[in-house]
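Participant: Take a look at this one; I'll ask things after.
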Amino acid sequence: MKKVNNIAVLTSGGDAPGMNAAVRAVVRTGIYHQMNVYGVMYGYRGMVKNEILPMESKSVANIIQRGGTILKTARCMEFYEPEGRQKAYENLKKHNIDGLIVIGGDGSFKGAQKFSQEYDIPCIGLPGTIDKDIAGTDFTIGFDTAVNTAIDAIDKIRDTADAHDRLFIIEVMGRDAGYIALHSGIATGAEHIMMPEHKAEVEDIIADLQANERRKKLVNLIVVAEGHETGANEVAKMIKHRLPNADTRVCILGHIQRGGTPTCQDRILASRMGYAAVNALIEGTYNVMVGIVNNKIHYTPLDHAVKAKEEMDTDWVKMCKILAS
Ligand code: ATP
């Protein structure tokens, strides 16, 4: 097994709160093991364009509590092509980099997998995405913060909904996965949750709202994941058509869910994962994603670290409805 001496870390794809804590953990664990550590700016774009900077312990001071990513992030079309990856390899070689840590989503892992097959540079992935939809890990960096941001916003919406006896349809992030909707919906006592994995019929929701109207339940919150086949505005239109007396409003939470100071859970998760990533390179566990399963570090081969296609536990949806009734 070849010893890894010079490592690079980058953040790629969509940003997620806690990425900075992961960068900090990688840099400081690498330095502890006498490695030279480099930061690549703007994800794979920085590899292709040679935006690669040496990192010291103080480069990552005062960032554990900050959202966003000090290394910036981007999507890079050139990295999809063999020529782009070759440029990236040549730039890494200029710095003698012999190990790469990629913090991002499943797309970023696909790029890392291709790169590690073509070139003799071991890659380690860390799941950084607010959606919690990567196979091989129970949690992803950023999910807990995003859910708490959504909860905070929905609690505020509930106050105004209650003051005006309004029905609110709240759209949260989650293009392919409804975990933010499921968790924030349960935690805020929403009446209904609509997610890509669990088709909710608007007709059933309308029947339920009619029953609530009859028993004078005046506040109703419906949380919709952005990836649900019927979008929040469309749901509102259908409800307004069938329940003209309901004072119905839509609120799309949007990008606030990506920002903000990471929660304790995300900071600890990111720290453990960053530490484990460097240890994996030292131990010779190459081309894997570091995950957490049953609260233990778990390695998944990069080519299996794809978008999770798990069955949603529909009992959670049933529970949510019972508890909100
Ligand atoms: P998010 O979950 O936020 O979408 P992601 O990591 O899945 O994050 P992508 O845009 O899919 O985001 O991928 C990030 C970058 O990874 C791409 O811009 C590209 O540079 C690289 N990449 C993705 N897929 C591949 C692939 N099949 N081959 C080579 N590189 C890829």
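From the backbone N, Cα and C atoms, a Cβ is placed for every residue, glycine too.
Any TrEMBL annotation is an automated prediction that lacks curation.
Below are the features I grabbed from TrEMBL:
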- Asp131: active site, proton acceptor (ACT_SITE)
- Gly14, Arg75, Cys76, Gly105, Asp106, Gly107, Ser108: ATP binding site (BINDING)
- Arg24, Ala25, Val26, Val27, Arg28, Arg158, Gly189, Ala190, Glu191, Arg215, Lys217, Leu218, Val219: ADP binding site (BINDING)
- Asp106: Mg(2+) binding site (BINDING)
- Thr129, Ile130, Asp131, Arg166, Met173, Gly174, Arg175, Glu226, Arg249, His255, Ile256, Gln257, Arg258: substrate binding site (BINDING)
- 6-281: domain 'Phosphofructokinase' (DOMAIN)
Participant: Quick one: which of the binding-site residues (Arg75, Arg175, Ile256) have their CB closer than 6 Å to ligand 1?
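Facilitator: Only Arg75 qualify.
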Participant: Around the Cβ of Arg249 (substrate binding site), how many other Cβ atoms lie within 10 Å? Please give the count over every shown protein chain.
Facilitator: 15
Participant: Please tell me which one of the binding-site residues listed here (Cys76, Gly105, Lys217) sits closest to Ile256 (substrate binding site), measuring Cα to Cα?
Facilitator: Gly105
Participant: Other Cβ atoms within 10 Å is the metric here; tell me which of the binding-site residues Val26, Cys76, Val219, Ile256 scores highest.
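Facilitator: Selected residue: Val26.
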Participant: For Arg28 (ADP binding site), write down the residues of its own chain that are at least 6 apart in sequence and whose Cβ falls under 8 Å from its Cβ; none is a fine answer.
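Facilitator: Residues satisfying the criterion: Ser57, Val60.
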Participant: Would you count the other CB atoms within 10 A of the CB of Arg258 (substrate binding site), including those on all shown protein chains?
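Facilitator: Result for Arg258 (substrate binding site): 18 other Cβ atoms within 10 Å.
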Participant: Using only C-alpha positions, which one of Gly105, Ser108, Gly189, Val219 is spatially nearest Arg258 (substrate binding site)? These are the binding-site residues in the record.
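Facilitator: Given the candidates Gly105, Ser108, Gly189, Val219, the nearest one is Gly105.
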